[in-house]
Amino acid sequence: MCNCRSVTFSSSVILSYFVIPEQSLQIMEGFNHSGVSEFVLLGLTDSPELQIFFFVMFSVFYLLTMLGNCLILLTVLCTPHLHSPMYFLLSNLSLIDMCLSSFATPKMIMDFFAEHKTISFEGCISQIFFLHLFTGTEIVLLISMSFDRYIAICKPLHYSTIMSQRVCVGLVVTSWTVGFLHTLSQLAFTLYLPFCGPNVVDSFFCDLPLVIQLACVDIYVLGIFMISTSGVIALVSFLLLLTSYVIVLVTIKDHSSTGSSKVFSTCTAHFLVVLMFFGPCIFIYVWPFTNFLVDKVLSVFYTIFTPFLNPLIYTLRNQEMKTAVKKKLSNQYLNLGKTSPRYPVQ
């Protein structure tokens with residue numbers, strides 16, 4: 001079983017990658033030999049009325065995303081019977097979702113009332129770095145979660161042996177390592193690109209396909225590289241996940257017990273997360289240089305809506321998690337009532 005120490009260890013590994021040091025920013029400045037020092041972000045809309053509406057909506061979504069994922073993380077940490085491989089991986093997914101929703105959303109919310117929506121060259125590169133770090137990590141973690149469900153359903157007698165604490169921690173560390181290597185592969189050529197003048201990005205954050213289109217070189221080869229490293233990886237990973245969940249669902253199809261219904265509900269929740277995450281990524285990165293109006297919607301979906309929906313899916317469709325969350329909230333409420341000052345009636 002995976003305990004709280006495992007989650008703490010994985011969190012320390014994650015945080016070691018989360019901050020780009022000042023030396024890295026200086027390196028970015030050294031690579032940027034072009035005349036472009038900042039990029040202009042067009043955002044989602046120019047309408048003042050819609051900007052106010054989006055400001056309120058995305059502020060609420062962001063706040064609920066952070067609170068929901070924090071609640072899942074703390075519930076898993078503090079509930080002994082949830083110290084199992086599945087919930088250990090789920091808590092790490094919540095951590096990644098908090099990171100994914102934070103790399104661009106706070107700036108987008110502040111930019112709704114900014115007269116000039118700009119971002120520095122270093123800030124733009126940082127957004128690309130964190131976007132591919134978190135999405136690459138989440139892809140591998142989702143594969144790990146499907147592997148966990150496959151072992152639990154198809155090899156139940158060997159589950160505790162295969163999904164040991166060391167394996168769980170290894171899967172999380174591998175996820176972050178692959179994400180880190182993936183984002184380095186994207187930045188390896190982006191930092192050397194010359195930008196001669198055009199600096200308008202038609203989005204609310206710096207996405208790689210939009211930024212490299214502004215370079216003063218032929219981007220055909222870069223497009224092929226991007227499709228092969230991001231689009232194809234996302235597509236192949238999705239097909240592998242789809243195959244694994246089909247195998248799992250076929251395995252439990254003929255069972256009608258309560259345990260099988262619980263497993264079916266869990267696997268369905270996992271697949272909904274996979275579908276919501278991979279769908280937009282595949283659409284954007286398989287056709288990286290075709291500008292569709294739906295691209296902005298999809299960008300909002302996998303950077304804001306998916307991290308928001310994940311806690312709802314896992315709590316509403318998982319009775320064990322739902323019960324633990326309710327118990328955690330009720331305990332906090334009772335503790336708050338006990339510690340609140342009581343004044344005598346005059």
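Heads up, residue numbers simply count up from 1 along the chain you see.
Cβ coordinates are placed from backbone N, Cα and C, and glycine is handled just like the others.
Here's what TrEMBL has on this protein:
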DOMAIN    68-314  domain 'G-protein coupled receptors family 1 profile'
TRANSMEM  52-74  transmembrane segment
TRANSMEM  86-105  transmembrane segment
TRANSMEM  125-147  transmembrane segment
TRANSMEM  168-193  transmembrane segment
TRANSMEM  219-252  transmembrane segment
TRANSMEM  264-287  transmembrane segment
TRANSMEM  299-316  transmembrane segment
Check the transmembrane segment (125-147) against each of 86-105, 168-193, 219-252, 264-287, 299-316 and return whichever range has the most CB pairs under 8 Å.
168-193
Under an 8 Å Cβ to Cβ limit, what residues of the same chain, 6 or more beyond the ends of the transmembrane segment (299-316), are close to it?
44, 58, 61-62, 64-65, 68-69, 71-72, 90, 93-94, 97-98, 100-101, 103-105, 131, 135, 203-205, 207, 269, 272-273, 276-277, 279-281, 284, 322, 325
Between the stretches 86-105, 168-193, 219-252, 264-287, which wins on the count of C-beta pairs under 8 angstroms to the transmembrane segment (52-74)?
86-105
So what's the mean pLDDT when you look at the domain 'G-protein coupled receptors family 1 profile' (68-314)?
84
If we skip the immediate neighbours and take only residues 6+ beyond the ends of the transmembrane segment (86-105), which ones have a Cβ under 8 Å from one of its Cβ atoms?
2, 6-7, 10-11, 14, 18, 58, 62, 65-66, 69-70, 72-73, 76-77, 127, 130-131, 134-135, 137-138, 141-142, 144-145, 148-149, 152, 168, 171-172, 175, 204-205, 266, 273, 303-304, 306-308, 310-311, 314, 321
So which residues does the transmembrane segment (264-287) touch in its own chain, when a touch means Cβ under 8 Å and the partner is 6 or more beyond its ends?
86, 93, 135, 138-139, 142, 145-146, 149, 153, 207, 209, 226-227, 230-232, 234-235, 237-238, 241-242, 245, 248-249, 252, 294-295, 298-299, 301-302, 305-306, 309-310, 313-314, 317-319
